[in-house]
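Copied over from TrEMBL, here are the features:
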type	residues	note
DOMAIN	29-300	domain 'Gcp-like'
BINDING	HIS109, HIS113, TYR130, ASP294	divalent metal cation binding site
BINDING	TYR130, VAL131, SER132, GLY133, GLY134, ASP162, GLY177, GLU181, ASN266	substrate binding site
Amino acid sequence: MPAVLGFEGSANKIGVGVVRDGEVLANPRRTYVTPPGTGFLPADTARHHRAVILDLLQEALTEAGVTSQDVDCIAYTKGPGMGAPLASVAVVARTVAQLWNKPLLGVNHCIGHIEMGRLITGATSPTVLYVSGGNTQVIAYSEHRYRIFGETIDIAVGNCLDRFARVLKISNDPSPGYNIEQMAKRGTKLIELPYTVKGMDVSFSGILSFIEDMAQRMLATGDCTPEDLCFSLQETVFAMLVEITERAMAHCGSQEALIVGGVGCNMRLQEMMGTMCQERGAQLYATDERFCIDNGAMIAQAGWEMFQAGHRTPLSESGITQRYRTDEVEVTWRD
């Protein structure tokens, strides 16, 4: 019964998880929160991660009730993500692996989300909508690869939401996306915004530029409220995502859809995806914020699958890469 320790720190979340044979034994996490109207810089984020990671490691081991002797493998996020945070976490993972004399595994962050979603929901072979601050992709598994059927051609949907939150000075605590979701529930007026779907791909930079340019003017003249803007932005970008997911499901003949990534815990997105799946006679799978948002257990779970399939990362290849596409990884642990 292998137990895998997973380190995640590709953006402003830092997490350490322990997974043993499909059971999440521990999954503590910390978030680097910046003031309203600001984002998080790589150097500051890495500094935050370095300050808390050893405490998180001890917390995870204590919560899981395991010691270093019980851990069979150390997994860490190799990429994609922000360079400085990734590197700071990778250093700790390499050090722990050498101190404990354990094999090391570099995990693709995106595949961590997918494998965690499959584990928690029980979805067998879903079409995956992966939506986060750094990535937006529609994915399906075929012939030992997670194939990307559609993606953003510029910024991720989570980045679009985060940057819009800065325009309105919306709090980053617990996250800008969550606070936009709550404000959108009170919105009553749908404002027409650019809707950009290009085949199987989407674009969010235009809608962001448009809403950044007109937001303060519309608010000043009383044409709308901040809640209306949040509502309109959510409805528009989520409709774009539902459209390309449905098209991928039709192409693949899929009867399952799985939402993963931090934006995936948005209940309005889940509702819109659920309506689409119901109309198709398909099943929607999603998780809550424990597993949607970046966490160590998802890296541990993907690491567990890779470990069982015989994967190992030599120390000489245990660096990080900010650009690491989902379809670069050979998925040998699935049929």
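Even glycines carry a Cβ here, placed using N, Cα and C.
Here the structure is a predicted model, which means the values were calculated and not measured.
Excluding HIS109, HIS113, TYR130, ASP294 themselves, the residues of that chain whose CB lies within 8 A of the CB mean position for the divalent metal cation site are, in sequence, SER10, CYS110, GLY112, ILE114, SER132, ASN135, VAL260, GLY261, GLY262, MET298. Per-site Cβ counts within 10 Å over the binding-site residues HIS109, HIS113 peak at HIS113. Cα spacing between GLY177 (substrate binding site) and HIS113 (divalent metal cation binding site): 18 Å, rounded to the nearest whole number. Sequence-distant neighbours of ASP294 (divalent metal cation binding site) (same chain, 6+ residues apart, CB-CB distance under 8 A): GLU8, SER10, ALA11, LYS13, GLY15, ARG29, HIS109, SER132, GLY262. The two recorded residues, HIS113 (divalent metal cation binding site) and GLY134 (substrate binding site), have Cα atoms 13 Å apart.
Considering only the residues assigned to substrate binding, TYR130, VAL131, SER132, GLY133, GLY134, ASP162, GLY177, GLU181, ASN266, the longest pairwise Cα distance works out to 18 Å. Using a 10 Å radius centred on the Cβ of ASN266 (substrate binding site) and all shown protein chains, the other Cβ atoms total 26.
Same-chain residues at least 6 positions away in sequence with a Cβ under 8 Å from that of GLY134 (substrate binding site) are, in sequence order, SER10, ALA11, PRO80, GLY81, MET82, ALA156, GLY158, ASN159. Its own atom aside, the Cβ of GLY177 (substrate binding site) has 25 Cβ atoms within 10 angstroms in the protein chains shown.
For the domain 'Gcp-like' (29-300), the model's average pLDDT works out to 97. Taking only the Cα positions, the spacing between TYR130 (divalent metal cation binding site) and ASN266 (substrate binding site) is 13 angstrom.
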